[in-house]
Each structure stands twice: as C-alpha cells, then as structure tokens.
Amino acid sequence: CSCSPVHPQQAFCNADIVIRAKAVNKKEVDSGNDIYGNPIKRIQYEIKQIKMFKGPDQDIEFIYTAPSSAVCGVSLDIGGKKEYLIAGKAEGNGNMHITLCDFIVPWDTLSATQKKSLNHRYQMGCECKITRCPMIPCYISSPDECLWMDWVTEKNINRHQAKFFACIKRSDGSCAWYRGAAPPKQEFLDIEDP
C-alpha cells in the first residue's frame, strides 16, 4: 500500500466524512464477491462518534476497512479508550470506509490549531490547492496554490505548516498560508516569496 502524504487541510477537503470517534468493537465481515466469485472480507469497526466536523446528518456507526495493511487496511485500537480523528469516504446508511491513505490520527497528537481548524477554517480553504514541495527549487503554477514546504525544511510532513497553518483564499482570489482564523490580507508576504 503506498500513498502520497497530504496536508491535514487537503485530507479534510478530500474526505466525505470527518469525525472524532473511538472504536469499541471489531469483526471480520463478508462484503460480496470479487470477479472470480471469491468472498471479499472486510474489517468492520463499531465506533462511538464524539463529534462530526464534516458529513451527513446522522451519526456514523460503522467504519469499514481492508483486512490487512498490505491492501491499505487500517488498524484501530478497540476498547473505547483511544480517540481518533478519522477522515474517509461515505458509504451511505451511516457507514464509512477508510484506508491507510486517509487521514487517521490519534486525537491527542493533533495541535490545538489543527483541532480548531476542523470547525471552520479548513473548509474555508477547500478552493485552494496545496502543493507539496519534495525538493528545492519548487514553484507554484497558479495563484490559488500554497507550497507545502515541511518536507524540505524539516524532513517531516507533520511539521510547522501541517500543524499550524491553513491555506486560505484571499479577497483577490489568490491563496496564502495563514495562521489564525481571519482570511489573510494581501500585505502579508507569502511563504513562497523569495
């Protein structure tokens, strides 16, 4: 299973459902057959939803994932102690599906800014595009992009820009990194400016 890293804001924008929840039970279930008629197994987590940040008007009861990490299956702690932020795809009927490529992290590892941004701020930036910079030099190709530099500057994708910044559209239609809750003003120097 391989996936490219995403900024938490991208994960929020790409997901159908974003919730804070804990897993209370786990079992293997059949979910139809593959093209050769073999049964497809999935793991079903029964969860207790604590808060929904994005999604349908109903609580999520079950989360499904593939049976092993080799096929991108996610392993959650059951027992109802550990809380997670879980972003994933809707399956209807109060169910969702997650893979290792989705944004799933223990709630207590999120920064205060990330937790606050889930309520409104990431949504404000969903029209912007976050482009990961794998090596210097890298450039934006349009004004609605923000360069995500964590990998280059700190050799880790879960660093400064991921923890403390959102990429928000300004009044002139361009996008810029911003730390705080109001939309950024034009006079701030963009991070990608030389």
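Backbone N, Cα and C atoms are what each Cβ position is placed from, and that goes for glycine too.
Per Swiss-Prot, the residue from CYS3, CYS13, CYS72 that shares a disulphide bond with CYS1 is CYS72. The record in Swiss-Prot lists a disulphide bond between CYS126 and one of CYS3, CYS13, namely CYS13.
Which of CYS138, CYS146 pairs with CYS133 is settled by Swiss-Prot: its disulfide partner is CYS138. Counting other Cβ atoms within 10 Å of each Cβ, the lowest count among the disulfide-bonded residues CYS146, CYS167 belongs to CYS146. Rounded to the nearest whole angstrom, the C-alpha distance between CYS146 (disulfide bond) and CYS175 (disulfide bond) is 6. Outside the region 'Involved in metalloproteinase-binding' (1-4), and at least 6 residues removed from its termini, the chain residues within Cβ reach (under 8 Å) are 69-72, 99-101, 132. Comparing CA positions across the disulfide-bonded residues CYS1, CYS101, CYS175, the one lying closest to CYS167 (disulfide bond) turns out to be CYS175.
In the three-state DSSP reading, CYS167 (disulfide bond) counts as strand.
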